[in-house]
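For reference, TrEMBL has these:
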DOMAIN    B:40-112  domain 'Phosphoribosyl-AMP cyclohydrolase'
BINDING   B:ASP87, B:ASP89, B:ASP91  Mg(2+) binding site
BINDING   B:CYS88, B:CYS104, B:CYS111  Zn(2+) binding site
Protein chains: 2
Amino acid sequence: MTSTPQSSDLDPAIAARLKRSADGLVPAIAQQYDTGEVLMLGWMDDEALHRTLTTGRCTYWSRSRQEYWVKGDTSGHYQHVKSVALDCDADTVLVKVDQVGAACHTGARTCFDADVLPVTQ
Amino acid sequence: MTSTPQSSDLDPAIAARLKRSADGLVPAIAQQYDTGEVLMLGWMDDEALHRTLTTGRCTYWSRSRQEYWVKGDTSGHYQHVKSVALDCDADTVLVKVDQVGAACHTGARTCFDADVLPVTQ
């Protein structure tokens, strides 16, 4: 598989304004739609965004495995897509989801629960 | 200025586990601490993270201007830092802030308000 935009079925009107990093990806923030919890950050290429918009399940591009990754396919912890938005300069995606179970592979509800840094001022 | 970790005063224990992209940065999600709104996504190098942890004001690395950027220094729309966390693999930062005024340079409350994509399934 490839992360190049050419291989994607993403709506050309969206693809035309998407601003990707050098590796063809944009960061995608997954947020629990009702509680507002930020669950995790993944990466999407055009095709992953297309699948997220059209399948109802949040789909990422795994940078480590270099393959598409439907969140929950292994764990059962699917992210059911409620809404998707681009930011003002179209280089970040915010996906509001209904998260089944734990978002984090560690079993924590979110990926940001465990490592709180000390703030001093 | 430089984005290399060596130039930073970041706690070495944090710097040692931070996983940066090829350009030395990590994505940083800013979230309104009380309402849960995702406000914007910026980028931090080690020094920007250090300043965010120690000055009380969210500081990013501007990729377009190649300089540090204290959110609000121009607009007055500061982000007062409430808490900072790394995600489970230490390659993303979540900053909970108290946002003064609009987070987005367009005047919108968040950078994700204007461009909602059609979801079909």
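Each residue, glycine too, has its Cβ placed from N, Cα and C.
Sequence features annotated in TrEMBL and their locations in the structure.
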{"residue": "B:ASP87", "record": "Mg(2+) binding site", "CB count, 10 Å": "24"}
{"residue": "B:CYS88", "record": "Zn(2+) binding site", "CB count, 10 Å": "18"}
{"residue": "B:ASP89", "record": "Mg(2+) binding site", "CB count, 10 Å": "14"}
{"residue": "B:ASP91", "record": "Mg(2+) binding site", "CB count, 10 Å": "17"}
{"residue": "B:CYS104", "record": "Zn(2+) binding site", "CB count, 10 Å": "20"}
{"residue": "B:CYS111", "record": "Zn(2+) binding site", "CB count, 10 Å": "26"}
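A straight line from the CA of B:ASP89 (Mg(2+) binding site) to the CA of B:CYS111 (Zn(2+) binding site) spans 26 Å. In the predicted structure, the domain 'Phosphoribosyl-AMP cyclohydrolase' (B:40-112) carries a mean pLDDT of 97.
When the Cα atoms are compared, B:CYS111 (Zn(2+) binding site) and B:ASP91 (Mg(2+) binding site) turn out to be 22 Å apart.
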